[in-house]
Each structure stands twice: as C-alpha cells, then as structure tokens.
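Engineer: Structure incoming, see below.
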2 protein chains.
Amino acid sequence: MTLFETDAPTAAELDARDPLREYRDRFLGADDPEIRAYLDGNSLGRPTKGLPEKIAAFVTDQWGARLIRGWDEQWLDLPVQLGDRIARETLGAAAGQTVVADSTTVSLYKLIRTALHARPGRTEIVIDRGNFPTDRFVVEGVAEETGSVIRWIETDPGAGVTLAEADAVIGENTAVIVLSQIAYRSGYIADVPGITALAHERGALVLWDLCHSVGAIPISLDEWGVDLATGCTYKYLNGGPGSPAFLYVNQALLASARQPIWGWMGDRAPFDMADGYQPAPSIRRFISGTPPIMGMIAMQEMLDLIAEAGIDAIRTKSLALSDYAIALYDERLAPLGVELSTPREHAVRGSHVTVDHPRFSGLMHALWAKGVIPDFRAPSGIRIGLSPLSTSFEEVEIVIDAIHALLTEADASTPVDSTKGA
Amino acid sequence: MTLFETDAPTAAELDARDPLREYRDRFLGADDPEIRAYLDGNSLGRPTKGLPEKIAAFVTDQWGARLIRGWDEQWLDLPVQLGDRIARETLGAAAGQTVVADSTTVSLYKLIRTALHARPGRTEIVIDRGNFPTDRFVVEGVAEETGSVIRWIETDPGAGVTLAEADAVIGENTAVIVLSQIAYRSGYIADVPGITALAHERGALVLWDLCHSVGAIPISLDEWGVDLATGCTYKYLNGGPGSPAFLYVNQALLASARQPIWGWMGDRAPFDMADGYQPAPSIRRFISGTPPIMGMIAMQEMLDLIAEAGIDAIRTKSLALSDYAIALYDERLAPLGVELSTPREHAVRGSHVTVDHPRFSGLMHALWAKGVIPDFRAPSGIRIGLSPLSTSFEEVEIVIDAIHALLTEADASTPVDSTKGA
C-alpha cells in the first residue's frame, strides 16, 4: 500500500478527522508562518497561548504585589501541590509522593543515593549503556563516591532495555536499576511493570526516568509498584526551558527515605531556624533549597489541557501521528536508504520516531532554514517528536518531505562528498 | 541628639537629598498605595518595572518563536554569561569562575564536597552554630556521608563570626570553613579577607555564603583570594521567588575541581552523548542538569541598574538608611525595651537592621494589615531589610513608627496577656 492509493487519507484529511485538532490553537506560535513544522516538542514543548499574559500577571500581581507574603500564601506549598497535580494527571500516583524541585539530574542523584541507603549491603547499580547521558553520568559519579559497582546492560545509544536484558543482570547484589521508560533515541517503551516486578523479586529497587513518557503515554506508578521516578517538565508538560523536574518516591519507602542534600526547605520546620536537620515526615524531605517558583508557572496551563483532553485520547493521537510518520517513511524515505530506528509495534512505541541516515548531520541547518524543526541525535538520527496536543499530521508530512527533498538535492549536488566517501 | 532637633533631617528631607532616589521608580509596586513600607527586599527583592513586558516577550519571541533553536542561539551560554555578569558587577571576580545553576543549597553541597576532594586527608569542616540553617544542614549531611567531623564555632543564631573565633578553631586538619559574609540575623559583616588569609595559612579552603551581601556591599573575591562562594539571586539581585543561585570557584582550583553531581550539562561535550563523563575544562563542570532559564530572566534588569548606579553609591545609601533606622530606633523603640541586634559600626554593618522584643512574634500580622512589611526571624526579631535602590527613608520611618504604635497599643490593650506573663 502507498499513500497515493485512494483509500489512504491525506494529512489534511487526517487533521480534519482528528478529535484533538482544536488543541493546536491553544499553543503560542502554532500559526507562525515562519515555522512550517515543529517536531521537537519532545525536547522543548511550545508555550500555551495564555502564558505571556499569565506570567506577566504573576510578576505584577503575585511577586510584585504580595511580595514576601507570597511564600506563606502560595509558594511554599507549590512544589507539593504541583507534584500532586502531575501525579494525578500523568503519573497514576496518589497524592503525597511527588514534588517539583530541582533539575532531573539533581533529582536522579538524590534518588540513586536514596536507593543505596534503602538497600544497605547491596553494592551494585544496574543501568544500560545506551541510557541518556545524564542518567549514566550520575550513576558513574555516585558509584565512584560510594564505591558501588555499575552493572552495565550493553545496549546501543538510546535503544532501550527489554525484560530479558534486565533479567540477565539484576541479581541478589543489585541495589537499584536505573532505566528510562521511553528510550530517548528509538522511542522504545520498556516493560515497566514487568521489570519492576522482576527487580522486586530479587530485592532490588527500580528508578524510572520518565522524561520522554510523562504527558505522552498513560503511566500507572502506584499500580506498577514503582519505587522511585523522576522526569522533566519541559518536554510534553511544556514547562519552558529548564523548568524543574518532578520526583516521585513511593509512599512505602518515604518514612525511612534519606536523600543526601539536606537543606532548610526539606526540614521539619524550616522557619524555626533550629539546631540539627530533621527531615520533614512527608515528601518535602526531598526538597533541598528554595523552590524555583518562576519555573513552575508555565506547566500549570499544560496540565489543564492534559486533564481536559485526557491521557488516553492523547495516546491515541500520538499513535496515529507516529503511524502516519512511519507510513510516509516507508513510502518516501526508505527507498533513499534511510533507516527506521523506532519500533513498529504500538505496544512498545513512544511518542517520537527516529530515522537514521549518514547524511543527516549535515542537513539540520538546511531544515531549519526551511522552517522545519525536528531534533537531531548524533551520529545520524533525525528524531521526529510528536507532541500530541500541538502537532498536526500536516507537520509530519512537511518534515518527511523536507528530508526527502534535501536528501535527493544532496544526492545531485554533492559529488565531492560522494567521492570522499568512496 | 534626637531627630526632633532642628538639625536632624526628616525622612522627606533625606529622600529629597538621596542621589539614588529616582531608582525607586524603576521597581514595580513601589507606588502601590496598599504597601506603605516594604522592608523585606533582603528576602525577596521587588521586580523591576520592565519585567512583566520583558518576560512576556521572552515567552513569545524567544521560547515561543525560536523554540528548540533558543538553546543553541542563547540559552546554553546563559549560565556562564550571567555568572560572568554577576561576577563583574557585584563579586569583584574575573570572568570564567562563576555560573548560575541550582539552588543555593545544592550549590553549597557541590562546593563543600569539592573542598573535601581538594583537601584529601583533612577531615574537619568548620562552621558556626549560628549560620543560616541550610548551610548547617548541608554540612551535617556531608559530614555524615563522608565521615568528616564538624568543628562548630559556638555563636548565637545569625550573629556572625569574628576573626578571633575563626582563629580558635581552624587547624591543620581543617579542610574547609563555611561562613556567611553577612550574618542573616544581626547583619554583622565578617572579615572575609582576614579569615580567608588565616585559613590559607593553615592550608584550609574557605567557602563564603554571600546571600545577604551580594548586590548590597562591595565584594572583591579575586583580590581576597576566596576559594569558593555561592549566594542567592532573589534578595538584592531581585531575581524573583526561587531564582537560581550563583556559584564561584577560584580559577586556581578549577582545573582539578571535582563536584559530585555529574550531569550532561557539565560534560565536555554534552551533545556527543558519548560514554563516560568527562568534566568540561571550564566552570561549566559545576553545572549538572538543564539550566533553569526561566529563572534567569528577572535578575538581568537588576544587574543593569546596579551597574548604572554603582556598587559604592549603593553601599553609601545602604549605610545612610541603616544609620537612619538606628537613629529612629534609639529615639522611639529603645525606650520601650526593644533591643538592637545589629552592630552600630559601619565597617561591620550590612544592609539590614534587626531589632528584638519578646512581643514581636505576635505583631507581624498586624504590621502586614497596616501595609508595613518587614521580615521576622524567630524567636523575637524584626528584620528591617534595606534594599538600597528600592527602599526610601520614608519607608524606614513608617516601619519604626508602626512597630512603636503596635507595641504601645499592645501595652494598653492586653492586660490579660500581662497578667498571664506575670
């Protein structure tokens, strides 16, 4: 089948049939004529349309008018309130286990150290070689400082981990296994409930990095019995550049959980200014410093949209978008030698599609110049991020066609490169 | 002398003579009739007047229109660019040693661990019992995880540390001494060059917390030979609630410095996604996760104002404000039994004045209700923060008079409490 067959819908037809199509108008810049296709919402989601006014009003009416009183009135509670909101709308987690605080990296550090503290005597941390760099780097740093041993699962960059691969390395000496639910490059979805159950059978804890899944696919942390999780809020939660991460600690671990960065905002009574750190009894013990309020404003409107649309409808749209991307790939890019690095099977396909070709690293600026903005992942991957509420089927066709055009132009116009390559 | 003598200037006269008086109009809400006096800029500085428009434009024109390209074009460099700017305008530090990244608490954690790594074999951390809670708590946590010993300087809460007190505890086993340049409660200014030189004579490093000094008094980190420093940006740098801290590492330490939270943004080549963390050769190695860009916007306009006014003129105004506050205290509050907890000597007086009285804890809401907003520090301190570019002499008189009125009202109207107290 090709899309030129009469029963294959066009992008315009798919957009017209899309029950979530009107959400696209709720984002800023979706009608910007200079950006014909934005396929990198999985790195930086668009701002919601109401945000400029909302954030200006925050500065004027909250910070500027309430001044220091804002802390008592609203902001001190915001890290937990917003954490609970993220938990309810996207994580499948009950209140009191999630907080918004530091970067994902700092959160990973706190959680890995927490896991080692909770499993004394166990000396191994399991992680995959292909996990996102910051996850690997934090594990390397923690291993060095604690004398832990890293058991690497040997995967390709961003490929993801199967249950069988996890099964082969989790042992009786494993304290914690650190994995990404959705692999940052391939988009492969790991078997979170399966690997979590396996780890628990062997007495280990799990720490799931949800950066590429939160807001894009249904998640059920409580039901799956996940111990620890974190993820960033600037991808599918549209929190803005560098918005703070969320951090989840299962209620069962919380009372005895100990994280290493003891700070006044994690203390039982911050304003007593008393002697001796005493961690708050709640999830607040995972907060260290003064919470980054300015970075917590943007994501609130996106959480409203997610709640309104529903995560199941979002997932359905995501799969329709990636189905369409893969169909266009089959028709227009596969014949040029482009490889598909994303699984075809729905059950293990996240919300982005990665295609690889040795020439892609040289094409990015030309794509940007055409107003077509996907992501690039070294050495040769173009990652087409599908942010279900703001991405149209038309955008998917535009990016595939732009890649096709540049590759065929490049074939015609770069004989020197071809010679070099020979 | 009392201020009722003919040669004592009134608040209105002092404001009229103030060469920096016009800066007050550059802040949002300074003309809000509901806030008669804001004396807590040392906890949360006011937003600058242009900020609502500027931050809305950031959302629309930068994040919304440049989207992911913003990272390449501007944001990846911002933590160091903004660090260099803070260094130049406020820290007396050359470029390449300062970065804006995490909270003050996380920065303290990184720097204390860095110091211990740089002084292997030395097992003691020196800190004062009266230091700000988060500084003490971080030290307690690091001591526990590393097996270091804490040598406490026994000071009262927020009192500050003298050279003699430091001299008595810094020894040949001291790895690092962690002190605040300006004590959070008394406003006492420590002898940074003296204590730094003393620590160096004994082979120890210094880590100065500059939260209450940066932007309010001249600082010369390079000239003083300070090793490590950090401070927050939401006080006298007006960065907004929870804006990120800056972190300074002296160039001499940088090449071998190792901080514990290894993350992708501190790596030599973050986008290579390669195996094995290799710290960047520059101050970037102190970054861990994705930088909190949304929290870095507000402080930029304040740095413009500081550069324009000049830090020496700011210090002169600060001392004039605190001189006036102390004169009014002597005249109107001392007779009621209120104590002055701030030094009278200019050389050791920072930019806030703390007065203590057992009844103060019960007066805060009544002060707020009158539109008078100082800070409170347990158990009995009202802290009058003087933010030189946005605080007027009139505000100082209003807060002193409001305290006076409430104390005398309370005397008259609470016979029951008096009986209880007897």
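Every residue, even glycine, has its Cβ placed from backbone N, Cα and C.
Among the features that TrEMBL reports, domain 'Aminotransferase class V' is placed at A:89-328. The pyridoxal 5'-phosphate binding site feature in TrEMBL is assigned to A:Thr104, A:Thr105, A:Phe132, A:Pro133, A:Thr134, A:Asp135, A:Asp209, A:His212, A:Tyr234, A:Trp264, A:Thr290. The N6-(pyridoxal phosphate)lysine feature in TrEMBL is assigned to A:Lys235.
Looking at the shown structure, what environment does each listed feature sit in?
Structural biologist: There are 28 other CB atoms within 10 A of the CB of A:Asp209 (pyridoxal 5'-phosphate binding site), with all protein chains counted.
Taking Cβ-Cβ distances under 8 Å and a sequence gap of 6 or more within the same chain, the neighbours of A:Lys235 (N6-(pyridoxal phosphate)lysine) are A:Gly41, A:Asn42, A:Ser43, A:Leu44, A:Gly45, A:Cys211, A:His212, A:Val214, A:Gly215.
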Engineer: On the 0 to 100 pLDDT scale, where does the domain 'Aminotransferase class V' (A:89-328) sit on average?
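Structural biologist: Taking every residue in the domain 'Aminotransferase class V' (A:89-328) and averaging pLDDT yields 97.
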Engineer: Which of the three DSSP-derived classes (helix, strand, coil) applies to A:Thr104 (pyridoxal 5'-phosphate binding site)?
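Structural biologist: Looking at the DSSP assignment, A:Thr104 (pyridoxal 5'-phosphate binding site) belongs to a helix.
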Engineer: Could you say which of the binding-site residues A:Phe132, A:Tyr234 has its Cβ with the most other Cβ atoms inside 10 Å?
Structural biologist: A:Tyr234
Engineer: Do any residues at least six apart in sequence from A:Thr104 (pyridoxal 5'-phosphate binding site), in the same chain, have a Cβ closer than 8 Å to its Cβ, and if so which, in order?
Structural biologist: A:Thr134, A:Asp209, A:Cys211, A:Thr230, A:Gly231, A:Cys232, A:Ala245
Engineer: So, in DSSP terms, is A:Asp209 (pyridoxal 5'-phosphate binding site) helix, strand, or coil?
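Structural biologist: It is in a strand.
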Engineer: Counting only residues 6+ away in sequence within the same chain, which have a CB under 8 Å from the CB of A:Thr290 (pyridoxal 5'-phosphate binding site)?
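Structural biologist: Result: A:Met265.
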Engineer: Can you name the recorded positions among A:Thr104, A:Asp209, A:Tyr234, A:Lys235 whose Cβ is less than 8 Å from some Cβ in chain B?
Structural biologist: A:Thr104, A:Tyr234
